[in-house]
Structure formats: structure tokens, C-alpha cells
Amino acid sequence: MLKIAEHEFNSRLFTGTGKFSSANLMLEAIQASQSQLVTMAMKRLDLSSGSDEILLPLQQSGIKLLPNTSGARNAKEAVFAAELAREVLNTNWVKLEIHPDPKYLMPDPIETLAAAKTLCDKGFVVLPYVHADPVLCRRLEEVGCAAVMPLASPIGSNQGLATETFLKIIIEQASVPVVVDAGIGTPSQATHAMELGADAVLVNTAIASSRDPIAMARCFSQAVETGRAAYRAGLGQVSVRAEHTSPLTGFLNE
């Protein structure tokens, strides 16, 4: 069981709502993934109609919604988006995203830390999306973040765990849950992230852009479960030398 703030999750696969070809396909894929937390950008919601085709079905499903501040270019804009989400969605949970560079979507560490402190002081449950920077993740813990979400590789790139060395350090040092976010492109990569000791992974593009998102969602669900089970079972030590599994010379003395 994964616990973030006061909320418990059976599934350690978190998902997103972007890039699906239709709202119905998105909902079916999320159901197939068995995910219990879904992130969505406030800028994508149609708040004027009073009945958004994405929001309403998700609310009715009972899945935990994690509004994100994607599109915010600085701390001020991110705080505004979070406060809007709290008012409209009646939740104090927020995935903090600040990426002023529209080409590579790299998160701004300085603005993110400033916004995180402000939001934590305002009573938000903050899950910041950041570079895989162990020092920054410690600072975010110190200001009160409920979890940290270091990137595996650039958003939507499907490059996998390009930051593995730093993810290991973050996982080792963290006293809050570590959710590996962005860049996970295959179920095997999700398994590996969980084998490292990550508490959860967030996957969107790899599911939504696949030929069969529903089947891919099931694959990721199974992959995350397998990776977590392997981590709990205790992985064997890696050695540069061969280690025999049975005696090599004992039979000569018989």
C-alpha cells in the first residue's frame, strides 16, 4: 500500500489524460491500467460549459484527481493555477509543474522550489515535477512536499531512465514517496524503475500513443506490479566476477 499525505493507493501506476485520440479511449485505458490517481492539466479543462467531457467521467469513477500546473512559466502562475484547481475541483492536491522552455519542457528548479514553499504554506498537498536532482528533492521535502516526482528523461520522449544514477540517490535519501515521472516509454522501463525502489511511476505518452492504449495500459499495470514485487523480494547483487552455483571440484574426492 502506497501512502501519500493521508491517501492510500493500491496501484503504484499513476497515469495522465493527454494525447489520447478520444475521451472514451482515455477512460477505457485508465480503467485497464487500474490506476487510482490521474493527473490532468488545468489549462485543458473546459470550465465554461460546466460539464467537461474528461473531468466529469473521472470524477464519477472515484479516481483521485491530481490537477497539474502545466503551462505555468513561473511560481506566480503555478500558484494561481493551483488555487484555481482547489476552487473548481475541490481538492488541495496539485502536481507542481513549471517549465518556461516550450521546446524541451525542462522544469525550472528555482521557480519550482519557490512555488512549492508557497503552496505548502497555503495547505496544499504538493507533488513537484523536477529534474532528478537529489539536492533539490531534499529541499522540496524540507518545505513540506508530500512526494517528489523526478524525471526519468524529457517529457514524452520515451527515452527511459536516462537519469538512473541520480534517481537511485534520490530514492536512497528520500523520506517521502518518490514517483518517477516523464520519459518512461516501455513497460520494462517501468519495471526497472520499480526495481530501483521507486514508490510509483507516472506514465502517459507511452500508453496514449501506442497502437492499442488499452492493452498497453494493462501491460504497464502488470509491469509495475512485477517491478515492485521484485524489489520487495530482494534483487541479487551484481558482480564483475563469475560466481559458481554448485561445487566445481568436490566430486573429484568422492
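Note: Cβ is positioned from N, Cα and C throughout, glycine not excepted.
Quick look at what Swiss-Prot annotates:
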- K95: active site, schiff-base intermediate with DXP (ACT_SITE)
- G156, A182, G183, N204, T205: 1-deoxy-D-xylulose 5-phosphate binding site (BINDING)
In all the protein chains shown, the tally of other Cβ atoms within 10 Å of the Cβ of T205 (1-deoxy-D-xylulose 5-phosphate binding site) is 18
With DSSP assignments reduced to helix, strand and coil, which class does the residue listed as 'active site, schiff-base intermediate with DXP' get?
strand
Using the centroid of the Cβ atoms of G156, A182, G183, N204, T205 as reference, list every other same-chain residue with Cβ within 8 Å of it (recorded 1-deoxy-D-xylulose 5-phosphate site), in sequence order.
G16, P154, I155, S157, N158, D181, I184, G185, V203, A206
Reported as an integer number of Å, what is the Cα distance between G183 (1-deoxy-D-xylulose 5-phosphate binding site) and the residue listed as 'active site, schiff-base intermediate with DXP'?
17
For A182 (1-deoxy-D-xylulose 5-phosphate binding site), the three-state class that DSSP assigns
coil
Cα-Cα, T205 (1-deoxy-D-xylulose 5-phosphate binding site) versus K95 (active site, schiff-base intermediate with DXP), nearest Å, comes out at 17
With every protein chain in view, how many other Cβ atoms are within 10 Å of the Cβ of G183 (1-deoxy-D-xylulose 5-phosphate binding site)?
22
Do you know offhand how many angstrom separate K95 (active site, schiff-base intermediate with DXP) and N204 (1-deoxy-D-xylulose 5-phosphate binding site) by C-alpha?
14
Could you measure the widest C-alpha to C-alpha distance across G156, A182, G183, N204, T205, the residues recorded as binding 1-deoxy-D-xylulose 5-phosphate, and give it to a whole number of angstrom?
9
